[in-house]
Amino acid sequence: MVEAGEIGGAAVFALAAAAALSAASSLGAVDFRRPLAAVGGGGAFEWDGVVPWLIGVLGGGDEAAAGGVSVGVAAWYEVWVRVRGGVIAPTLQVAVWVCMVMSVMLVVEATFNSAVSLGVKAIGWRPEWRFKWEPLAGADEEKGRGEYPMVMVQIPMYNELEVYKLSIGAACELKWPKDKLIVQVLDDSTDPFIKNLVELECESWASKGVNIKYVTRSSRKGFKAGALKKGMECDYTKQCEYIAIFDADFQPEPNFLLRTVPFLMHNPNVALVQARWAFVNDTTSLLTRVQKMFFDYHFKVEQEAGSATFAFFSFNGTAGVWRTTAINEAGGWKDRTTVEDMDLAVRASLNGWKFIYVGDIRVKSELPSTYGAYCRQQFRWACGGANLFRKIAMDVLVAKDISLLKKFYMLYSFFLVRRVVAPMVACVLYNIIVPLSVMIPELFIPIWGVAYIPMALLIITTIRNPRNLHIMPFWILFESVMTVLRMRAALTGLMELSGFNKWTVTKKIGSSVEDTQVPLLPKTRKRLRDRINLPEIGFSVFLIFCASYNLIFHGKTSYYFNLYLQGLAFLLLGFNFTGNFACCQ
């Protein structure tokens, strides 16, 4: 059965595609009969004189200085021109048009998501309107104990010295009848000192009457998925109708369960209620500011659009409440990828379950405070998403409990465009092909692909992030750098290369408290090689070289300015400069 939201989503998607193509056509942008512009400009006439002249000058001799070159050098240059024009340029030209197609896919997808998101906001189509929601017994849980279901709160953690007290304390202070709430701490810590502290904290809350369970494992098999699976195997879990999950740095408000659980109670076809993330350290550096912009777009646009149209989106791994039955029917937690949360969400959706995203409910958390930590987090997510696409695509195709429109949305929009196309085209086109084009005059890149489409994506992003407008230039450069890592991660996941299933825990520093609540372990000084990111520095050298080449030999064009900025961004992040100062207040 096709839902009304799915039909509306399909209609909006068709309108977005039509609008994008119509705008491109009216601007004269889409004209495949001839290339509209060549980035780097220039023709063969300029190059045929400049390069041999330089070779001759560098080789020395009066004849070289006068512009002549030896027969040997001329022969080598002729070989280069032929190879460049006959092999390199045609190969890159194919890549250009593939990237153009991918770029159109991106802008249509972004237009669709933003249109839905803006529409939901404009008409006030709140989750409480789309789904039944009635408040429970409110402030006095004791009076309404009979209608309160049994809920378990799971907190997986691994050596979370700086934040373990915050998450455990917030979970234990949730407004819910004491006899209807179980707090389960899943501690995979390998440090005995930290493990002891976490256990003591659990005992402290237990002495206050909280039903808190401390669960450990003999090994970290399956990492977070393995810990959650272990928690679900406990006998007392069988009596719990709903499972709330929070990572160790998340601090839910006391009324979190009162606002989320009623959605599950009154809508038997709903499996998941996802809340939005809020951040306690989003103003500490330029790095955290651009991260916040990234997550704001994800929640405001992508999650909202998926929830409003197809009642499907990816579980964010934390700050959500699951129906226990849905988890079990989907096969429970699996550790086959590094995105166990997305894996469970897709499998549950294939069984016909619906999801609700509630953007008004926000849960405080911590952003990665270092560039290295953020890169490891993004690599895990990008690699895991692409790898899951490889493993579950066929299951989506043959699923019988979802509509054809929903299958299309999951395979095309959710997986193909976001997990594969987006990281590929952004890196290949803007960080490789465009810089190389300044040295290959035979290569033509349509101006609509490197000007109109990026501008359209920028406007679409800004519309839903107006408060972050002053951060936009930094965000553009930062995302340019991150595309290299995300493309490598996507390829690793798709091809299951070495390290595709490697799990790395994101380091937290407990930024939400002014004074550290526990004594920190002694800090070790990082070695120089640990503070330098060679891939980023390598790309910066490449981009700056291309920019300089463009400036010297094609000074009439202004593309070198963009390349210099990209190269500078790569260079700064290559040396781990993330703007740790009060900027853009």
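Just so you know, glycine gets a Cβ as well, placed from its N, Cα and C.
Per Swiss-Prot, the features are:
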TRANSMEM  87-107  transmembrane segment
ACT_SITE  Asp188  active site
BINDING   Asp247, Asp249  substrate binding site
ACT_SITE  Asp341  active site
TRANSMEM  420-440  transmembrane segment
TRANSMEM  443-463  transmembrane segment
TRANSMEM  534-554  transmembrane segment
TRANSMEM  563-583  transmembrane segment
For Asp188 (active site), the one of Asp247, Asp249, Asp341 that lies nearest, given that the recorded positions are compared by Cα: Asp247
Surrounding residues of the transmembrane segment (420-440) on its own chain - C-beta under 8 Å, 6+ positions past either end: 38-40, 84, 88-89, 92, 95-96, 99, 102-103, 105-106, 382, 386, 389, 449-450, 454, 479-480, 483-484, 486-487, 489-490, 494, 539, 542-543, 546-547, 549-550, 553-554, 559-560, 563, 566
Asp247 (substrate binding site) and Asp341 (active site), distance between Cα atoms, whole Å: 12
